[in-house]
Amino acid sequence: MRYHISTNFFKKKYSDCLVFGIFDDLQLCESVKVIDSGSDGYVSRLIKDNEISGQINESLLLHSIPNFQKLKILFLGCGKKERFNINLYQKLFKTSINIIKKLSVKALIYFVTDFHIKNINTYWKIRHAVSEIQDNLYSFKNFKTSNNKNKFKISLEDIYFYLSDHDEINSGNNAIQHGYAISKGKKIARDLSNMPPNICNSSYLADQAMKLSQYYPDLIDVEIINDIDMNKLGMNAYLSVGKGSKNKSLMSIIKYHGISFSQCKNIILIGKGVTFDSGGISIKTSRDLDEMKFDMSGAAIVFGLMSIISDLKLPLNIIGILAGSENMVSSMSFRPGDILTTMSGKTVEILNTDAEGRLILCDVLTYVERFSPEVVIDIATLTGACVVALGHHTTGLLSNNDILAKDLQKASKQTRDLIWRMPLFEEYYKDLDSNVADMANVGTNSAGMITAACFLSKFSQKYAWAHLDVAGTAWISGKNKGSTGRPINLLTQFLLNKLYK
């Protein structure tokens, strides 16, 4: 897909389809007035006949318009102007693309400046329009045969954003560049998450990391920590998770050098990369077990983010860690009742081998102390309890630092990539007490998302840390299962905000 800024919407090469927003006050923007006048009041007659109401969720596609026979016009209802918001704006692009995909349209033009949102500028509108369009054009057909692949082709090739103000052209072009880089990185993350576990294991993650460094040799260095190295480091909790699998655990460290100043501290992004989670000895039921390939979504998100960061050449120093492992059942698997000594020296009693993500993360959280980080954010499909508490719309946020938490909440509000902060009250820590070790790896049956984060917080006391539990938001379940790429939009905005502080 190619994206462009246009200041003239009547050029023949992109006159296949025009897309307008219309509010319920039915006031026509200047561009629609030109169409209305040129078609002898055709649009006005449709409004008079109640064919166009401007109500939210309403859409009307016009063909064979008088004096514009080859032109299609799509009107998208925006509802009340004072209630129009980011959420509704993003949904309109999903609606429009779902309609356009069914048409023989090679080029279309969006009149984004007519979508009025309070305190939102043209740059934001275009950047998020590109991102929403690319999201809704996404499909994962890598393992379909060539005959089947052809069924999913669409005719659309070029999308234009009309700007009447020439002073906004540079901003519009920047928005396209940024939006496309973000959506490209999101696609990379979704593709990686959607890969089958017989192909995507820890070695595959490491190979992808190495390819990224080859693509951006001046910006990225990669170090792969294998199981022998981890054993020397004392990362016994991490290693225990992969003991039952023939696929060895590997930790891929992607170092992005966006600025040469040594005083610029590192931002650390850690992604849980369990490429398949059987639950281990505490084995899961067979229902939806195929979806446990998505337990590496955190690592995929971090990988996608490192691609975005490199494309945008952000002047930041960022380290992304893909914590790869596979939790399988065998005679070599770790067991309930085992006591593990973590890299930090703290001991953990294993009560449930299906609470494996925190065992990987606790050692990685200790490992990253060597980088003297400014902030550390881990992204993990950690607990089913998060899904129970927040469902599939909202990512769980837990943090030991109010400033970091507020920065993430701000980015969430800017992108509407939803998160909700949960508490780390002292009372919850008691649930992790063990009579034979420093702590247990699970608490009681209640507040599972919180106690899991309490566990992690014991290993992240030397820096500002946030945990994003994406168990409910990283993928969609069921027949149409697939990765969502969340929370890439949020984390990209968080990093961009760092530049403007």
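Even glycines carry a Cβ here, placed using N, Cα and C.
Among the candidates Asp277, Asp288, Asp431, Asp433, the residue that Swiss-Prot names alongside Asp354, Glu356 for the Mn(2+) 1 site is Asp277. Binding site for Mn(2+) 2 per Swiss-Prot: Lys272, Asp277, Glu356, plus Asp295 from the candidate set Asp290, Asp295, Asp363.
DSSP classifies Lys272 (Mn(2+) 2 binding site) as strand under the three-state reduction. According to DSSP, Asp277 (Mn(2+) 2 binding site) is assigned to a strand segment. Listed recorded positions near Arg358 (active site): Lys272 (candidates Lys272, Lys284, Asp295; Cα-Cα distance within 10 Å). Rounded to the nearest whole angstrom, the C-alpha distance between Glu356 (Mn(2+) 2 binding site) and Lys284 (active site) is 12. Under the three-state DSSP scheme, Glu356 (Mn(2+) 2 binding site) falls in the coil class. Taking a C-beta cut-off of under 8 Å and a sequence gap of six or more, Asp354 (Mn(2+) 1 binding site) has these contacts in its own chain: Asp277, Gly279, Gly280, Ser282, Ile283, Lys284, Asn327. In sequence order, Asp295, Met296, Ser297, Gly298, Ala299, Ala323, Gly357, Ile360, Leu361, Asp378, Ile379, Ala380, Thr381, Leu382 are the residues of the chain that are 6 or more apart from Lys272 (Mn(2+) 2 binding site) and have a CB within less than 8 Å of its CB. DSSP classifies Lys284 (active site) as coil under the three-state reduction.
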